Amino acid sequence: MDSTTPLTTDSHRRTDPTVPLQCGLCEKSDCMAYGVLSGVEAINGLYAGFFPVLIYSCLGTSRHASVGTFAVTSLMTAGIVKNIGSKIVAQANHTEATAENGAATLDMIPLDIRLQVMIAVTLAVGLWQVLMGVLRLGYFLAVFLSDHLVKGFTCAAAFHIFTSQVKLVFGIGRLEEHHGPLKLVYFYVDFFRIIRETHIPTLIVSLICITLLYLARLLINGNPRVMKIIKVPFPMELLVIIFGTLASYELNLESKWGVIIVKNIPTGLPVPVIPPYSIMPQILGRTFSLAIVASAVLISLAKIFATKNNYKIDSNQELIALGASNIFGSFFLCIVVTGGLGRTAIQESAGGSTQMVSLVSVIVVLIVLVALGKFLQPLPRACLGAIVMVALIGLLTGVLEVKKLWKVSLIDASIFMVSLLATLLLDVDYGLAIGVLYSLVVFAFRMQYGRVAVLGRVRGTLDEIKPLKDPMVDEVPGIKIFRLHGPLYSGNAESFVSEIRKAMPSNEKVLPICSVLNPEMESTHVINTTTATADQHSSGNDYADITMTTRRPVINIVQNNSPPVLSAGLQLAIQPMRGIIIDCSAINFIDVVGSEKLLRLVNECNKKGIRVVFSACSSSVRDVLYLSGVAAVLQEENFSNSVSNAINRL
């Protein structure tokens, strides 16, 4: 069976029979928390843990990745729900929309309008993802949405998500929400201005939950010794929900203490609804970035576990599977889903190795939907906020990643920081767009200014070629060797050819070869020959200006038609440039502009009596040189399979 099929061979089917139960319990608490984070109800998160999983399990190519809710996509969904929902309310009331300036909150928008916008967002995201899969853009996402760009974006988005939970955790009802640039600054200015209005009972519930969750994370799930014994993460989130619900019911937290509870969790499966297509034109543009983020998270997650377990995935099929899951989920009031990080990690660590685990685990969610939903209605919303905050610790500490990137690559570190700061200071949508744009600019810059190495021969050898920056490498007399690392295309062709032209003589006449008195000493000195005076021209001896790189004593200047004087008794030959070798081993392709530049260079060199040799050309590069006419002005021996052979031919 092919390695990209959704269900694997029998050798991969052995697994812990409790894995589906563990995955289902993990998904339950996260789904409820991220349903509220998305701007709708906790039940919509539970729906997302059931319906989309059925579709992805049948269409996905990853054996371990499982779809589920995710904090960043939930936050972006909430932003669209608030913006579009407030406009719909304003149109109905014939007033001006106020979502952009922060005067409107999600609580001011009726639930039915929020649900309509949410399912339209889920449908639009699914359509974008299917379209990208059909157009084979999975490779583009994997390449251009680099790991450091995604890490910078998700780390900054985690700060936005953390901020969105402050209202639930502190119980400050009139804390305004903001959108657009500097939204975090405006929010915390308002927060500290009215922090005295904190609802103490809500804060106490939040602190108890946060303490329990953090201690479990630190002492159990983050302790390698304990994890070696229990094998799977301890479900403290589930216990917080269970005991939080029981405490709320017994202590009557809502009516007696004013703690806000979940309240609306209907029992049973939802009736399919048709998404409101009239909203689609308003959200298509805004959902594109959301579709990109959701797709990148799933593809990255699937690739991590595929590499770890030694199999391959199809990125384009993953896009189609995820898009179909969201389209199907939109008819059942589901929020946007992407790769389920916690669920996938549990499944893989416990030995789950097929999508059958995901199919069985949804039974747990189904039981909650059908039979247990009404028992969770007293659950305080502060418990869900605490779950989200503690779950963000891993993403928030991702800011320390810049230290590692800084040591390895300053350019990659700059991509991380630009994506991080743009998302922090502006907004999630703007940050992603700026991060991608900056990444593309860096990519184009790297392509345009590809590293050009000047090569030479290792001292004492005949066929070992290395860059001249090595002190044990000498330049081959009369020959310049160039290697371009990367493609030769319109962006860097001119600069590459200019580097070669700098090494060429300034006129067409070349200096005659002098006799070599001591052949054991190769000429790698700087030799400056001055143009002869009028008297010298009469004798017919014209000397061109030639510069040869050296690391040995300098030779005296040739004057008055006298032979060169060698310092320190060195005896060597002054040789003109007789050949240029272009090492094509690191060139993966040449475009039309690059081939035209090479053709002009070859013609110039032919006029000067300088041979140009191309070495180690791949079949595709050689085909371009033949089809573009470069090979037509060269002889067959001007193509060599290695640099050392090219030197021997010259």
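From the backbone N, Cα and C atoms, a Cβ is placed for every residue, glycine too.
TrEMBL does not curate its annotations; it predicts them automatically.
Computed from a predicted structure; not experimentally measured.
Listed in TrEMBL:
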DOMAIN    469-650  domain 'STAS'
TRANSMEM  117-142  transmembrane segment
TRANSMEM  200-220  transmembrane segment
TRANSMEM  232-249  transmembrane segment
TRANSMEM  288-307  transmembrane segment
TRANSMEM  319-341  transmembrane segment
TRANSMEM  353-372  transmembrane segment
TRANSMEM  379-400  transmembrane segment
TRANSMEM  420-445  transmembrane segment
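For the domain 'STAS' (469-650), the mean pLDDT of the prediction comes to 72. In summary, the transmembrane segment (319-341) lies against the transmembrane segment (117-142): three or more C-beta pairs, each 6 or more positions apart in sequence, are under 8 Å.
When Cβ-Cβ distances under 8 Å to the transmembrane segment (117-142) are tallied for each of 200-220, 232-249, 288-307, 420-445, the top count falls to 288-307. Counting same-chain residues at least six beyond the ends of the transmembrane segment (379-400), those with a Cβ under 8 angstroms from any Cβ of the stretch are 29-30, 32-34, 36-37, 42, 71, 151, 154-155, 157-159, 161-162, 165, 168-169, 171, 202-203, 205-206, 209-210, 213-214, 217, 237, 240-241, 244-245, 248, 253, 259-262, 342, 420.
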